[in-house]
Amino acid sequence: MDRRIFGLENEYGVTCVFRGQRRLSPDEVARYLFRRVVSWGRSSNVFLKNGARLYLDVGSHPEYATPECDSVPDLVTHDKAGERILEGLLVEAERRLREEGIAGDIHLFKNNTDSAGNSYGCHENYLVGRHGEFSKLADVLVPFLVSRQILCGAGKVLQTPRGAVYCISQRAEHIWESVSSATTRSRPIINTRDEPHADAERFRRLHVIVGDSNMSETTMLLKLGSTDLVLRMIEAGVMLRDMTLENPIRAIREVSHDMTCQRKIKLANGREVSALDIQREYYSKAVEFVERRGGDEVAKRVLDLWGRTLLAIETDDLELVAREIDWVTKYVLIERFRHKHGLSLASPRVAELDLKYHDIHRDRGLYYRMERAGLVERVTRDLDVFEAKSRPPQTTRARLRGEFIKRAQEKRRDFTVDWVHLKLNDQAQRTVLCKDPFRSVDDRVDKLIASM
């Protein structure tokens, strides 16, 4: 597929820290956060003018689903726009708390685990063709996704009975199946529930739920871009070596607990390889593929960072990618902090630092303090992120949805939308079905908008 539709869904952790006596549950905090949303959308599940979806997920986790994007840099921009939208809700909620005499700060964390051991996710969506066997696609992808965490893990200090350890991935401990139709109960690597949000005869939506939420824009670019390249190779019929894992669930934990990425994991055919070996195999094939087929600047940037990350791990020179790869950035930050203050990895101050890295408030979050200090690389520009808060991607179906919502709100018309339907809730109940996510211009939608 030369042009692909991408989407990201991020769930956020929420807490409220008080200096006073009164405490709020996550449910109550979520109500404060979404009060403004409910006031104009009459629901805590809404679509926005930029084509995105914002809602409260299971367990009072705010979730932001990006609009459909047809390039990885666009997707990174719209994911960051989601952070800014939620930060705006946070600031408004804190103002309301102060007005009601409740002292305290609300924190939103773009991470994947809380102190109670609960996990919430970052779900990646890739549009793929309906032709071909989905099981074969999954067979090739699972070893890639299990080992991909060495490129794009968010890092985590994990407290174990044997002491604290630094893990590469936050999500690895919470994955229980390779392929399944569940998302919360068994948490598979790939979710097979067949909801394409497009023409089901032509398309299928690959739903990957194994990845960590990323603060780093460059890590996000590598996560999405490398997966896209592997999908392109599969679609083009490139012969990839059989890397089927004997036990993917055991392997994903073993990889996460091994910062050298050299520990051997068993393949179904009896061979033993490391996560580094697996990634080297996919990377070398991707380099050949792009050299043969040609690639744009995004593909070249992805391959450059992919190769440098593998080299940094292989040579134990993590500083090579300390500005670009989340788990490395955070590890270097924690190690410097520990050595400066003489702390063990199990120190509560280290746990606090670990969490602060993921705070999306730009004045409080450690990642954003590093960004302001020029200590991390970027993909986006502030202006583009700001515009993406209210402007949908202009080359996908999201443009139609965004324009419809914008006009309906301006005209104070009652409407209902989802990923494929645009409906005016008037006497005629006029509805347009938009099954092609690549289509950004549609006469039927123009007429519906003009009729308001």
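Keep in mind that glycine also has a Cβ here, set from the backbone N, Cα and C atoms.
Per Swiss-Prot, Mg(2+) binding site is recorded for GLU9, TYR55, GLU63, and the stated evidence type is sequence analysis. All protein chains considered, the CB of TYR55 (Mg(2+) binding site) has 18 other CB atoms within 10 Å.
Proximity of ARG53 (ATP binding site) to non-local residues of its own chain (separation of 6 or more, Cβ distance below 8 Å) is seen for ASN45, VAL46, PHE47, TYR64, ALA65, TRP419, given in sequence order. Residues or ranges marked as ATP binding site by Swiss-Prot on the basis of sequence analysis: ARG53, THR66, TRP419.
Within the same chain, residues at least six positions away from ASP57 (active site, proton acceptor) with a Cβ under 8 Å of its Cβ are GLU11, GLU63, TYR120. Positions annotated as active site, proton acceptor by Swiss-Prot: ASP57.
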Inter-residue Cα distance where the pair is THR66 (ATP binding site) and TYR55 (Mg(2+) binding site), in Å: 12
Taking DSSP as the reference, which of helix, strand or coil describes TRP419 (ATP binding site)? coil
Can you give me the residues near the recorded ATP site, meaning same chain, not ARG53, THR66, TRP419 themselves, Cβ no more than 8 Å from the center of the site's Cβ atoms? GLY7, GLU9, PHE47, GLY51, ALA52, ALA65, PRO67, GLU68, ALA398
I want to check the contact list for GLU9 (Mg(2+) binding site): same chain, sequence separation of six or more, C-beta distance under 8 angstroms. What comes out? GLU63, TYR64, ALA65, THR66, GLY121, CYS122, HIS123, ASN125
Out of GLU63, THR66, TRP419, give me whichever of these binding-site residues has the highest number of other Cβ atoms within 10 Å. THR66
